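*Asks:* The structure under discussion is supplied below as structure tokens; questions concerning it will follow.
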Amino acid sequence: MLQQDHLVDNKHFVVSLSLGNTLINLNKIKCPQCRKRFDTMEEMEQHRTKHLTENKFKCEICSKEFPSHSSMWKHTKAHTGERPFVCQICNKGFTQLANLQRHDLVHNGLKPFKCPICEKCFTQQANMLKHQLLHTGLKPYKCPVCEKAFSQHANMVKHQMLHTGLKPYKCPVCEKAFTQHANMIKHQMLHTGLKPYKCPVCDKAFTQQANMVKHQMLHTGIKPYKCPTCDKAFAQQANMMKHQMLHTGLKPYKCGTCDKAFAQQANMVKHQMLHTGLKPYKCNTCGKAFAQQANMVKHEMLHTGIKPYKCPTCDKAFAQQANMVKHQMLHTGEKPFKCKSCDKAFSQNANLKKHEMVHLGIRPHTCPLCTKSYSQYSNLKKHLLSHQKQAIKQEQQNGQVMAILYSCQTCKMQFEDIIEFERHTRRC
């Protein structure tokens, strides 16, 4: 009869399983090509070079080579879209049974692999080993084009796609192309409407687990990522990195149509919709169309009246988180957006842009009565009211009490309110 004992050597962080007279090391690293196990990542990578000289099995679709026919066959499923192994909980499909079994751990909450340094737990051993590189700072994989270094080989391969422009994974519904298979799968959730990940606090559902975890930060109030320049704190590291661009002024993403530059790639992609005119997202209530799904979701809040974002200082509620954040600046007095010409500071970027028009001499707001122009709409409104007051004063001097009407020269429509008249002439 076999005896089973777990042996742990804390000095070397090696977990072993004793089966009779056989000792098996569970922390050994597998070669992804032949499944042979090694004690260290270096030994495994050294071993992998041997596969380069072996006979290769080539994929007929993309010419990628494999050491065995079975591994090549598994790979071809990525091209065909065949996913015979389906999760019984969320219906997500997988090309291999092993991948389905790993995925099942997400639903049952099991995380058997613990980092020996910080004790963070993982569902998969491979993810734990990748995580450990964060502690060492080791980045052994360099991009041959730009020499950017990565801790993981897979991330370096994904990065190289940026240089080649290759997008081999196409959505079967709308044919949108992606550099990574995982991003294509995430995108497909938009078509199916499936949201398997629910927030345990408010039951809000998400298509991706990562987004659900980020959302939970709103309930806890934890903001572990601080900007090193201004100490502003963020719940997510990605948002902190985006914020830092405001301090550096870097705008590495350029629109291919008009050369307008952006600090964030997502904003550049959103901007490009202005050139295409594409508005694929429609409001189910009023049919209004939007270029971005996020804007459609925000708009729908107007119909429901739901305002889930509350200011923690004064309890004022908002339908959109961005508006709540802008409002909070009234309490803090923070003005992170500075004019480069006169150092005047603003709490919102939109107000800075309006102010900069004064320095540039741009005056887009023109009076329909006297053609006088202004850089800011608020100044035009003041000017229009001065016209109205002058007209009322003149009528009173003439002893008349008739209503003053403003006629549109294009459609002859008449208005009593001069502000409504101006808005109409802009659109007419």
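Glycine too: its Cβ is placed from the backbone N, Cα and C atoms.
TrEMBL feature annotations, pasted as is:
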- 29-56: domain 'C2H2-type' (DOMAIN)
- 57-84: domain 'C2H2-type' (DOMAIN)
- 85-112: domain 'C2H2-type' (DOMAIN)
- 113-140: domain 'C2H2-type' (DOMAIN)
- 141-168: domain 'C2H2-type' (DOMAIN)
- 169-196: domain 'C2H2-type' (DOMAIN)
- 197-224: domain 'C2H2-type' (DOMAIN)
- 225-252: domain 'C2H2-type' (DOMAIN)
- 281-308: domain 'C2H2-type' (DOMAIN)
- 309-336: domain 'C2H2-type' (DOMAIN)
- 337-364: domain 'C2H2-type' (DOMAIN)
- 365-392: domain 'C2H2-type' (DOMAIN)
*Asks:* For the domain 'C2H2-type' (57-84), jot down how many residues DSSP puts in helix, in strand and in coil.
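*Replies:* Per-class counts: 12 helix, 4 strand, 12 coil.
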*Asks:* Looking at the stretches 113-140, 141-168, 309-336, which one shares the most CB pairs under 8 Å with the domain 'C2H2-type' (225-252)?
*Replies:* 309-336
*Asks:* Which bits of the chain, at least 6 residues beyond where the domain 'C2H2-type' (337-364) starts or stops, bring a Cβ under 8 A of a Cβ in it?
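*Replies:* Residues 246, 326, 329-330, 373-376 contact the domain 'C2H2-type' (337-364) from elsewhere in the chain.
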*Asks:* Would you kindly list the residues that approach the domain 'C2H2-type' (197-224) from elsewhere in its chain, counting only those six or more residues past its ends and only Cβ-Cβ distances under 8 Å?
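*Replies:* Same-chain contacts beyond the ends: 106, 186, 189-190, 233-236, 308, 321.
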